[in-house]
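See below for the structure under consideration.
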Amino acid sequence: MEAAAAPENIQVVLRVRPLSETERSRGDRKVVQLMEDGKSVQLKSSSKEDFGKSSGVKTFVFDSCVNEDADQASFYDKCGAWRLAQKALDGYSSTLFAYGQTGSGKTYSISGAEDVIIDDQYHGGDPREGLIPRTARQLWTELEGRRSERKYAVKAACFEIYNEQVLDLLNPEAGNLQIRESRAQGFYIENLLVVECQAASDLLEVFKEGTRNRHVGEHQLNRDSSRSHSALVIYVDSVRLDEDTGEEIRQYGKLTFVDLAGSERLKYSGSSGEMMKETGSINRSLFTLGKVIATLSRGETFVPYRDSKLTKLLMDSLGGSSSCVMVACCSPSGRFVEETLSTLQYASRAKSICNKPILQLDPSQRLIQQLRTEIQALRAENMQLRIQQGIPAGEKIMPSSMALLRLQEHEEAGREAGREAGREAGREAGRQREAPGSPSSPKPEETFSRSSSSLSVRGSNKLNGTGGGDPLYEKAVGYAEGYAAGLDQAREVLSR
Ligand SMILES: Nc1ncnc2c1ncn2[C@@H]1O[C@H](COP(=O)(O)OP(=O)(O)OP(=O)(O)O)[C@@H](O)[C@H]1O
Ligand SMILES: [Mg+2]
């Protein structure tokens with residue numbers, strides 16, 4: 001079990017909605033064209049001024065691009081929501097958020113057609129439902145199949161950020177909730193109601209209740225415009241027995257869907273009064289989100305997460321320890337070419353943000369996990385060193401054994417050099433005895449025994465012996481003395 005999965009970039013999926021009735025009746029030109037590779041998109045400006053003087057066409061590449069013909073089921077298949085749900089089941093934290101100008105199809109993608117969702121008769125399974133109910137159903141089916149490996153407990157919560165206030169969509173009377181920060185959890189919402197779900201239908205009820213309580217308003221660009229950023233959080237707690245240790249391993253997977261409010265230009269939306277105040281708040285927090293995305297994409301170390309509630313709560317998803325998918329939504333209409341260009345540029349930057357998903361464990365279990373990983377690494381290193389030094393796997397190594405090893409090598413080299421010097425002296429003495437006029441040369445046995453007995457006096461730099469004056473004998477003694485000195489040095493290392 002690895003506590004940290006491989007780093008991964010935010011996955012970006014572009015969804016282009018069909019022209020609306022109004023856009024069609026006005027005769028708007030389509031300026032967004034998806035390429036055949038399913039990943040590239042071209043934005044063609046209606047006039048050169050939109051992109052500056054150089055070009056009227058801009059190309060962007062994302063992880064996937066979904067065109068206006070795609071129905072909700074095929075968008076679900078292509079957008080990666082199921083991959084995130086699986087990560088939550090495996091104990092990781094994951095987030096899918098939708099971004100785009102007002103009326104671009106964020107809520108339709110994440111939740112589905114609003115009139116369908118809030119209908120009392122809706123119990124799931126409508127073709128116009130969005131990612132949340134589809135993911136919730138599949139997650140539940142998968143979870144039932146995995147129950148033999150782990151016990152699961154699913155809970156859910158729903159909140160919105162409206163005019164910079166955090167409101168509990170399952171408990172609106174609670175008023176403005178506070179965002180707190182802790183070492184273990186990072187930023188979190190204090191006193192948020194979390195509801196236990198025993199079945200997929202419970203999860204669906206939480207989602208419907210949250211959708212009903214969300215702030216929605218009507219303006220010229222969207223009859224059901226979301227006036228807040230809203231989120232549904234599905235907590236997937238699980239426990240299983242570790243095969244090796246028999247311990248209980250508790251994991252805290254989480255899947256969050258965030259439906260952002262859309263950026264909006266007042267001259268097009270015609271918002272006024274209370275809606276204008278909402279628009280200001282929406283645009284401000286989206287501006288901060290843009291700054292966070294831009295700084296992360298440039299690899300800067302200071303990221304202004306703390307500048308808005310939205311970015312505090314998205315901190316873990318943007319450059320943090322969650323897996324993340326961004327759904328960038330846009331209209332194909334030439335009337336919104338500037339907004340679409342801005343969305344595509346944001347999405348492009350988000351694509352380069354790297355997250356480092358981490359298994360969500362108990363803090364104490366996380367520590368045990370880290371220590372186990374460290375022990376494993378040390379064992380591997382130890383094994384490598386044993387192989388290099390030729391020490392058998394089971395043999396105990398004392399702290400000084402490397403020095404001992406070196407001493408033994410010195411000893412053996414010294415012995416061998418002494419033996420060789422003695423043999424050479426013997427051979428030379430033999431030759432000289434055979435040669436006339438050399439009676440004083442030592443006998444080969446004497447020479448050999450002198451040099452080897454010299455070696456047996458280890459620990460002394462001066463070797464005792466007779467035969468001084470004989471150059472060959474001196475040579476042999478010289479060799480042996482050198483090695484004995486080496487031995488002394490090695491012994492000194494040992495005694496430290
Ligand atoms: N892919 C689509 N296919 C068909 N209709 C769509 C699609 N996307 C969006 N729509 C319709 O377009 C309208 C606007 O969509 P939606 O409410 O999802 O926009 P939004 O991005 O959430 O806007 P806001 O930021 O104002 O909340 C809705 O009537 C919705 O049903
Ligand atoms: Mg919306």
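Cβ coordinates are placed from backbone N, Cα and C, and glycine is handled just like the others.
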Pick from 193-220, 333-360, 361-388: which range does TrEMBL record as coiled coil?
361-388
Taking only the binding-site residues GLN101, GLY103, GLY105, LYS106, which have a CB closer than 6 angstroms to any atom that belongs to ligand 1?
GLY103, GLY105, LYS106
Looking only at the coiled coil (361-388), report the model's average pLDDT.
82
Within 8 Å of the centroid of the Cβ atoms of GLY100, GLN101, THR102, GLY103, SER104, GLY105, LYS106, THR107, which other residues of that chain place their own Cβ, given that this set defines the recorded ATP site?
ARG17, ALA98, ASN222, GLY262, CYS329, CYS330, SER331
Checking proximity to ligand 2 here: which binding-site residues out of GLY100, GLN101, LYS106, THR107 have their Cβ closer than 6 Å to it?
LYS106, THR107
For GLY100 (ATP binding site), the number of other Cβ atoms found within 10 Å of its own Cβ:
28
